[in-house]
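Enquirer: Sharing a structure with you now.
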Ligand code: BGC
């Protein structure tokens, strides 16, 4: 969306701006800068660590981020009439994130999605990971990057307004080899895009697959399910899974199946079909193989649109895959900031990534990182309302 329009929309929503006003005169001037992010105390962990919440706003997009897990606690976007809503599922209180969060808004590492049996062999040596999902290791194990407190530094400059989050994971943490030094940069650009840049280095050969786990509901969290959202995924193949959601290794064509989102389709159109893959996962919970493959610069991956509000999100990424998870395990036991409970399908994730279980699938794009190399991954979420 062009900056002027975003600034107008932001002004229309001025009532929302408790901490920092989205779309400042500065943003209109150079299309990039904005006010420096503002910090407040969000809560305290059992060990006494203080967790902060940062508020960022630029180009008409407003976001709140926690130092715990790098969690996006809220993401506020205007609809086609300039009315704002928080389009990400989450909680009001730190205790709820600590007690039982299904990775709401969190940074995921060291390995996004599952590693079969919680083990892999690299350079002839077997590594055993923390197992936290049936027989498998999910999202980095029991205490992944979503449960770590990150060092956060704010910035505002030509690229936009943002936060640099850093976490150093010790050699052997959750069973992963190598000391992994990870930096994640969240930037809100002058156009209101949300860009995530992941960078990591290691001192021993290891595997890495970082992603973000925001649950989107473009109609607003607590407003019901996302089955009416339209989704497009630029992928002709996906990776079917076994009963524990580990890829079988096959790259199956989406043509003629409920997995075909090459043209925008309503998510609910085929989700209740008795396709064996939908039955196993209780909906969509699969990795789509992006036709563009892994790229040096972000390439088009997906578009999500809520026809009711007009809010639209366009995702570009350097990654070769995207996990589309339709919130299948939300079961009405968690309530969001709106006070309403989250039930199956009330939010969805689009996690840009390398494929699940790549460390055990030599024919999948490699997730190996060696000393002297730099892991880089970028995903851009572009927002508009039409
Ligand atoms: C996975 C789901 C998992 C969810 C955790 C998704 O990325 O694909 O299988 O249940 O994260 O809430």
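Residue numbering: from 1, along the chain as shown.
Using N, Cα and C of the backbone, Cβ positions are placed for all residues, glycine too.
No curator has checked TrEMBL annotations; they are predicted automatically.
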Enquirer: So TrEMBL lists 113, 114, 213, 214, 215 for beta-D-galactose; which of 47, 285, 291, 306 goes with them?
Expert: 285
Enquirer: For residue 214 (beta-D-galactose binding site), what residues in its own chain, 6 or more apart in sequence, show a Cβ-Cβ distance under 8 Å?
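Expert: Non-local contacts for residue 214 (beta-D-galactose binding site): 72, 75, 88, 104, 105, 349.
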Enquirer: Which binding-site residues from the list 114, 214, 215, 285 come close to ligand 1, meaning a Cβ under 6 Å from one of its atoms?
Expert: 285
Enquirer: List, in sequence order, the same-chain residues at least six positions removed whose CB sits under 8 Å from that of residue 351 (active site, proton acceptor)?
Expert: 108, 112, 113, 211, 212, 213, 322, 323, 325
Enquirer: Around the Cβ of residue 285 (beta-D-galactose binding site), how many other Cβ atoms lie within 10 Å? Please give the count over every shown protein chain.
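Expert: Result for residue 285 (beta-D-galactose binding site): 20 neighbouring Cβ atoms inside 10 Å.
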Enquirer: Around the C-beta of residue 114 (beta-D-galactose binding site), how many further C-beta atoms are within 10 angstroms, looking at every protein chain?
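Expert: I get 23 for this one.
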